[in-house]
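Asker: Please read through the structure below; I'll follow up with questions.
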Amino acid sequence: MNKGIERSVSVVLGAQWGDEGKGKLVDLLSESSTVVCRCQGGNNAGHTVVAGGKEYFFHLLPSGIINPNVLAIIGNGVVVNLEALFQEINEAVNKGLLDVASRLRISDRCHLVFPLHQEIDRMEEELRGLNLLGTTKKGIGPAYSSKVTRNGLRVCDLIGDWDQFTAKYKELVNYVKRRYPALEINVEESLEQLKTYREMLSGMVCDSVLLINKLTESKQTKILVEGAQSCMLDIDFGTYPHVTSSNCSIGGVCTGLGLSPSRVGSVYGVIKAYTTRVGSGPFPTELLDGIGEYIQKKGNEWGVTTKRMRRIGWLDTVVIRYAHIINDFNALALTKIDVLDGLKEVKIARAYVDPETGNELSSFPADPFILSRVVVIYETLPGWKASTQNCRVYDELPPAAKTFIETVEKLLNIPIRWIGTGASRDSIIIRSV
């Protein structure tokens, strides 16, 4: 046993169905970090950070790269669309971020997302007819499928022997064309583009497993891992089949970076003051009335990646307790409380009941049919008319808003350390809990 091990890694994870505002907490914590990492997912993720009057949208890059002093690492668990990556780098540079390419390291073990994966994603969704999963059509699922069927190509293949890469790429094309005869792929054109990306990757690719584990040995190094998507979209623990294709919970951090669990010091969960989800799937607290419409408009609830309108529901502590069982959060960040300003009353889901037996469910149901039928038991609290927007101190909040926060804490038995009160990076309350 290594008794001198440093628990220098902090992790930020979503505890709902994504879009919780993880970027805001990552932006804050990255100020005291030396390294920021992505561990899973691809450019189906979407993190938004507002800083210096500019709005930054991140899909593949760790959003903590906004801090000019950090090293950013894309870990082995991420699937990388190179066209999207370089486009994102250019957009970040054009908005004034410094030395983005020179501060970025990409794992040589990352699997690659090709246009053929995106086409397969689109075709598969069309084949589902009315039973849509709500995929982002970014090719993420098919890329992970290639990884699991062991015919995927990795960054190390692309930067290695070109003839070998060409042969492997053609094998992959032949494999998918046998299954999708309608798929049109210009192999030579694709290879020419990939050769360009191969040159552009120069200096960025590394053995990220070795790099990260060496970095954890230093007491001066503070590593921040930002999860993409969220626990309820986890391929194993989410509301399957309406999930993403990777592990978005704490296990995905370790496997997606080659990091021992013993290196992880703190795990922080991020929740909204209400709940949202994009695409299909059961949603027990969903609001299909004027209140839902009010929250949707006021919260500007549109997907960063998909541009689709997000579905709206009340805060669901059953979901968050389940996420806590899996991830063991040290503390929570509660975002967008300002969106609830002006409501006559606010509700918090505290339990699910089986509609046939009338019994409270003892665990979060794996079966989506059961989840779609549950009766939700709510705590109903008075709303508040006074604005919480841009509050910086807890005691500045209206009494009813504080009651809401403290009720959530009591129901979850997890401290809420951060409270988001607006879009700006400075619109946050930090509590000593």
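Cβ from N, Cα, C; glycine included.
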Asker: To which of THR34, THR166, THR216, THR244 does Swiss-Prot also attribute binding of IMP at the site defined by ASP19, GLU20, GLY21, LYS22, ASN44, ALA45, GLY46, HIS47, THR136, ARG150, GLN229, ARG308?
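Answerer: Of THR34, THR166, THR216, THR244, THR244 joins ASP19, GLU20, GLY21, LYS22, ASN44, ALA45, GLY46, HIS47, THR136, ARG150, GLN229, ARG308 in the IMP site that Swiss-Prot records.
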Asker: Spatially, which candidate from the recorded positions ASP19, LYS24, GLY46 is nearest to ARG310 (substrate binding site), comparing Cα atoms?
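Answerer: Its closest listed neighbour, by Cα, is ASP19.
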Asker: Let me know the most crowded of the binding-site residues, choosing from MET309, ILE337 and counting other Cβ atoms within 10 Å.
Answerer: ILE337
Asker: Using the alpha carbons only, what distance in Å do you get between GLY21 (GTP binding site) and HIS47 (active site, proton donor) once rounded?
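Answerer: Distance between the two Cα atoms comes out at 7 Å.
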Asker: Measuring Cα to Cα, how many Å separate GLY46 (Mg(2+) binding site) from ARG308 (IMP binding site)?
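Answerer: Each residue's Cα considered, GLY46 (Mg(2+) binding site) and ARG308 (IMP binding site) end up 12 Å apart.
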Asker: Nearest of the recorded positions to ILE337 (GTP binding site) by CA-CA distance, picking from ASP19, ASN44, HIS47, GLN229, MET309?
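Answerer: Given the candidates ASP19, ASN44, HIS47, GLN229, MET309, the nearest one is ASP19.
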Asker: Going by DSSP, is HIS47 (active site, proton donor) sitting in a helix, a strand, or coil?
Answerer: strand
Asker: Given the binding-site residues ASN44, THR421, which one's Cβ is surrounded by the fewest other Cβ atoms within 10 Å?
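Answerer: Across ASN44, THR421, these binding-site residues, the one with fewest Cβ atoms within 10 Å is THR421.
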